[in-house]
């Protein structure tokens with residue numbers, strides 16, 4: 001069966017790679033998507049979003065699962081699984097919008113640049129946990145802490161209330177120790193002078209990432225590695241949860257978490273959408289790339305539900321651990337200041353001051369921060385894996401130097417992350433995460449436009465029914481085509497409000513940084529569209545039609561490709577969908 005097609009000048013036909021690889025087990029896709037939920041930056045903003053609203057406040061998450069999370073997961077999975085390609089090449093579905101893949105590429109790089117901080121900080125506490133005396137303990141602090149006029153000892157509870165403008169976490173001894181490592185002069189709160197201890201920790205973090213890709217670069221091996229990392233992380237968070245139940249005051253916090261309150265539900269309704277958006281990881285196209293290693297007949301419908309429920313379990317467990325640590329500090333100080341606690345700090349830098357009170361504090365510090373390190377490494381490795389595979393799919397010549405490209409990218413990201421080894425960079429890095437949440441909403445909306453409107457509702461429905469071998473109900477298509485877009489428009493409006501609120505408290509340099517790392521990449525969408533149209537032939541109308549229609553949109557495996565050709569009537573494979581109608585043969 002021979003298919004003829006024409007391509008815009010400068011483009012080339014898609015060439016399926018039979019050696020691309022698959023997951024060792026179908027469930028590795030689920031574990032990889034579970035790993036996307038281990039985004040510690042979501043905890044950094046947890047105090048103003050959803051982790052103080054209890055279980056009842058989490059219930060709106062299940063509503064968001066139905067109206068947009070599971071449906072959009074299905075769309076992402078469909079694009080990757082049907083095309084067997086990463087988030088750039090998969091947009092041969094509609095070449096005019098291929099720039100969306102490049103936007104995802106830039107956003108993922110932007111995220112990875114600062115995200116290594118979540119691996120570097122736990123490494124600081126793990127390394128120091130091998131000392132006989134922990135540096136942030138009463139005895140250990142004597143070697144670095146200089147008491148202020150207000151306090152005589154670091155262990156004095158009054159230190160937590162030194163300044164009304166600070167939240168508790170900023171003044172915990174373990175945070176003060178991190179602040180000391182960041183810069184010995186506690187009075188310095190900004191500046192771009194490198195902290196060499198942080199540079200060393202960042203280097204170690206990226207070295208661990210390099211080891212992962214050196215040992216587990218192939219899809220089957222990588223999926224197995226991520227599977228065990230996710231399982232280990234969940235086991236450790238359960239162990240920490242059980243142990244923290246014995247901290248003073250934590251049982252009270254647990255009771256409050258499960259006690260129904262109307263206010264909790266109303267707050268959750270307007271905030272847990274952020275949690276649902278995290279299903280796609282730090283990089284927007286990650287699910288597309290991960291699903292491309294599925295078998296063609298993998299049931300992405302049931303998998304999407306499993307992923308959504310698994311991720312909410314992860315969020316709840318991390319939220320409970322954060323709750324219990326927060327309640328411990330509340331118990332020992334009894335102050336209203338806890339309304340402003342930053343739970344990210346409680347989990348990462350503030351936890352050391354609670355762990356020091358346990359029997360065998362060194363052991364529990366290692367266990368806890370190993371859990372936090374695994375979460376960071378899982379997210380970084382998964383995101384980087386999807387980026388590299390997408391690059392290799394789009395640019396075949398890069399495959400010839402796969403190892404050089406892989407470690408070149410890792411070294412480049414490690415170098416750029418040095419910005420966050422500065423006092424200023426490490427303090428204000430979180431603003432980028434808020435901007436990327438907004439960017440994801442925009443990309444989701446555009447994806448629905450491309451798949452359900454430009455490609456076409458009936459064509460999409462036909463493809464997914466062919467791929468899954470089962471009916472795809474019309475009400476599901478209705479949600480995707482009408483309900484989900486409305487939700488994303490609302491989220492965009494809310495996101496704009498949050499961005500304005502966030503940037504109000506940051507310096508101009510971070511507003512410029514957000515524009516460069518998050519805003520400018522969106523120019524890739526019109527930029528690539530213009531490039532494609534410019535290199536096409538014919539009238540503008542003909543060029544536009546050619547840019548919107550699929551090119552090489554068929555399964556990569558020959559047996560499925562032949563059956564797909566039978567389904568569409570043996571007309572040109574790359575040109576069969578653009579006939580001016582939506583009829584299904």
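Backbone N, Cα and C define each Cβ position, glycine as well.
Annotation source TrEMBL lists region 'Disordered' at 1-20.
Its Cβ placed at the centre, residue 37 (Na(+) binding site) has 25 other Cβ atoms within 10 Å. Sequence annotations record features per position, and here TrEMBL assigns Na(+) binding site to 35, 37.
Marked as transmembrane segment by TrEMBL: 61-79 (among others). Remote same-chain partners of the transmembrane segment (61-79), defined as residues 6 or more beyond its termini with a Cβ less than 8 Å from a stretch Cβ, comprise 87, 90, 93, 268-269, 272-273, 275-276, 279-280, 285, 287-288, 291, 294, 300-301, 303-305, 307-308, 312, 444, 447-448, 451, 460, 463-464, 467, 476, 479-480, 483-484, 487-488.
Residues 40-41, 86-91, 174, 178, 181, 197-198, 201-202, 204-206, 208-209, 282-286, 348-349, 352, 365-366, 369-370, 372-373, 375-377, 379-380, 383-384, 386-387, 390-391, 394, 413-414, 416-417, 419-420, 425-426, 429, 432-433, 436, 439, 443, 446-447, 450, 517-518, 520-522, 524-525, 528 of the same chain lie 6 or more positions beyond the ends of the transmembrane segment (100-127) yet place their CB under 8 Å from a CB of it. Look at TrEMBL and you will find 100-127 (among others) tagged as transmembrane segment.
Feature annotation from TrEMBL assigns transmembrane segment to 194-214 (among others).
Beyond the ends of the transmembrane segment (226-246), by six or more residues, the same chain brings 25, 27-28, 31-32, 34-35, 38, 254, 314, 317-318, 320-321, 324-325, 328, 354, 358, 364, 367-368, 370-371, 374-375, 377-378, 381-382 to within a C-beta distance below 8 angstroms of the stretch. Look at TrEMBL and you will find 226-246 (among others) tagged as transmembrane segment.
The feature transmembrane segment is assigned by TrEMBL to 303-325 (among others).
The transmembrane segment feature in TrEMBL is assigned to 337-360 (among others).
For the transmembrane segment (366-388), the residues of the chain that approach it from at least six positions outside its boundaries are 32, 35-36, 38-40, 86-87, 105, 108-109, 111-112, 115-116, 118-119, 121-123, 125-126, 129-130, 205, 208-209, 212-213, 222, 225-226, 229-230, 232-233, 236-237, 239-240, 281-283, 285-286, 288-290, 347-348, 351, 355, 405-406, 409-410, 413, judged by C-beta separation under 8 angstroms. Per TrEMBL, transmembrane segment is recorded for 366-388 (among others).
Marked as transmembrane segment by TrEMBL: 409-431 (among others).
Residues annotated as transmembrane segment in TrEMBL: 437-456 (among others).
Annotated transmembrane segment per TrEMBL: 477-497 (among others), in sequence order.
Sequence annotations record features per position, and here TrEMBL assigns transmembrane segment to 509-533 (among others).
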